[in-house]
Amino acid sequence: MSGTLSQGSSPARLTLWEEENFQGRRCELMSDCSSIRELSGFRRVRSVKVESGAWVGFEYPDFQGQQFILEKGDYPRSTAWSGSSGYRTDQLLSFRPLLCANHSDSRVTLYEGENFQGCKFELSDDYPSLPAMGWASKDVGSLKVTSGAWVGYQYPGFRGYQYVLEQDRHSGEFRKYSEFGTQAHTNQLQSIRRVQH
């Protein structure tokens with residue numbers, strides 16, 4: 001089944017290459033792919049072009065490991081998708097489209113403690129530094145995505161581990177930091193932004 005974004009939008013489409021700079025064999029995706037090795041025989045994916053929609057690329061098969069948000073555009077090498085994250089991987093092995101593409105009214109609520117306890121902070125815009133905007137801690141224990149999709153980052157300035165947080169996953173409720181992603185080993189979340197299409 002192809003990833004559907006929202007009424008009136010085109011289906012998600014992603015083109016992958018086995019080597020950097022769009023070289024070598026290529027493969028096109030329009031829906032979830034739990035293992036690019038099994039689907040195409042690729043050893044790894046080293047360059048990506050997002051034709052439409054937004055996608056999440058994962059370091060390992062079965063949507064495991066570090067997540068990288070892939071918004072519309074070209075990613076000729078791994079530094080293009082990992083940016084200044086501080087965490088680098090030279091390959092992506094599984095992919096899925098984001099299904100909630102209407103970000104005109106994106107909203108998320110951060111909570112200090114697990115299970116939506118403690119101080120809360122409601123957001124509807126990008127925040128390159130949560131501490132600078134009034135969040136008293138560098139940690140987020142839980143969060144609720146009311147609408148849209150967000151990328152949370154471990155450090156200010158949209159750096160560090162990336163956590164893709166969608167209303168359509170966990171019903172938008174992330175009761176503890178380990179639900180942010182399979183690689184979430186800390187509840188440090190210090191910057192957050194809306195996914196762009």
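Each residue, glycine too, has its Cβ placed from N, Cα and C.
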Between the ranges 22-27, 100-105, 142-147, 184-189, Swiss-Prot assigns region 'Connecting peptide' to 100-105
Per Swiss-Prot record, range annotated region 'N-terminal arm' [choices 1-11, 78-88]:
1-11
How about long-range neighbours of the domain 'Beta/gamma crystallin 'Greek key' 1' (12-52): same chain, 6 or more residues beyond its ends, C-beta under 8 Å?
1-5, 61-63, 70-78, 81, 90-98
Taking every residue in the domain 'Beta/gamma crystallin 'Greek key' 2' (53-99), the average pLDDT works out to 87
